[in-house]
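Peer 1: Please read through the structure below; I'll follow up with questions.
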């Protein structure tokens with residue numbers, strides 16, 4: 001089928017490539033912002049060149065459209081004319097051209113998996129790829145079939161052979177309860193490995209197993225009450241979801257299968273699934289950063305694992321916009337009075353408001369009681385990275401502090417081997433420091449924790465450290481508790497900060513396994 005370009009994406013020399021795996025933006029011309037693009041898509045202008053027709057695109061036809069002024073790209077079986085979007089693309093024209101005239105699904109997923117391209121490019125839709133009538137039975141040939149066009153059952157069968165053993169499920173009932181049991185066949189499963197949503201007639205339970213997703217998706221045969229419980233037997237990897245019947249009648253079957261039911265595929269191949277959450281409160285933390293509290297629906301079980309993020313989705317002038325944010329606790333100190341994995345329905349976010357931005361002003365304008373859509377968790381941080389850890393170093397700049405909040409408190413409350421946790425927190429001024437008083441109180445509460453503030457534009461009264469991330473600052477800060485202590489360094493902040501930090505850490509002879517960078 002399609003010959004997917006073999007080069008890396010973004011290209012090694014491009015402006016989008018960064019050492020940490022994140023990406024940089026390319027300066028756009030005036031009048032080429034996201035809002036300008038949204039206006040263009042709503043102008044009625046023919047952006048496909050096909051005058052509203054949708055066509056079946058053959059592989060041969062797709063290959064012909066590989067120039068900047070005539071560029072078609074296939075994403076998950078759908079073909080888009082991205083030529084009009086070239087000048088609006090934050091990553092630059094060259095990055096789009098990497099996939100010109102070909103299937104760009106894998107390239108897209110490496111950098112933009114969270115982007116709602118269906119909404120962004122809906123006016124650029126040319127049509128679907130024409131599927132060849134037969135598929136080769138050879139495994140390697142099957143892998144070349146267009147992303148998203150291989151029948152799901154075959155995707156599941158093929159990928160399950162590459163990853164963990166495929167899970168299974170069963171169910172049983174009493175007069176008032178229905179229990180769904182998922183057998184994961186893994187021992188490293190915990191309560192935040194499973195996400196359950198019951199909306200209208202749809203019951204959805206997704207279990208994350210290593211880097212794979214196992215989905216139960218059913219239209220239940222009878223009505224159930226809003227509240228349910230989730231229990232995990234960790235040593236055997238068994239998950240029990242207990243539903244309460246609305247009526248005490250016997251169910252002849254659990255329900256009928258819905259889209260992707262009983263599938264087991266790599267997490268990266270799943271789409272973003274969102275549920276609407278209600279804004280409960282927002283309060284000022286600094287002059288430009290606020291703490292937002294959102295409440296999950298009553299029929300949702302979702303606990304974001306430490307070090308992972310979710311996407312918030314808003315519809316702005318008719319277009320769905322999504323942005324990644326890492327949940328935090330409502331307070332640094334509250335984690336010491338309650339379990340780290342709490343069973344409440346609230347999710348908190350520390351979000352900096354950019355007055356000239358598109359997304360955060362809209363978020364800030366929401367009223368208490370309004371709704372925001374939240375995705376299921378994403379991210380590659382694993383709890384195992386901090387198990388048996390002795391030294392934990394955290395390097396954060398600005399709101400890059402957010403992933404550190406739960407890692408910091410989890411480590412102090414759950415890792416017996418931990419000897420010290422140190423946070424170096426970079427900001428511009430004292431007024432920019434998030435939760436300064438809480439951080440300082442935590443140093444008195446736990447002698448293993450220490451904090452150093454570094455300011456790049458302090459007032460003359462500032463007596464602390466000054467400047468930007470540098471070899472001198474890091475070499476003094478990153479001192480192991482013993483010569484061979486097990487160490488992890490987490491870093492998060494603006495892309496230039498993260499890039500430079502990783503380079504300096506390698507120069508200081510820290511290994512790749514001892515460094516974890518968080519990038520949006």
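Heads up, the Cβ atoms here are built off N, Cα and C, so glycines get one too.
Bear in mind that TrEMBL entries carry predicted annotations, made automatically and left uncurated.
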Peer 1: Which residue range, 1-27, 28-54, is the one TrEMBL calls region 'Disordered'?
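Peer 2: Checking TrEMBL against the ranges 1-27, 28-54, the region 'Disordered' one is 1-27.
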Peer 1: If you average per-residue pLDDT over the domain 'CS' (164-255), what number do you get?
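Peer 2: Averaged over the domain 'CS' (164-255), per-residue pLDDT gives 92.
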Peer 1: For the domain 'CS' (164-255), how many residues does DSSP put in helix, in strand and in coil?
Peer 2: 3 helix, 55 strand, 34 coil
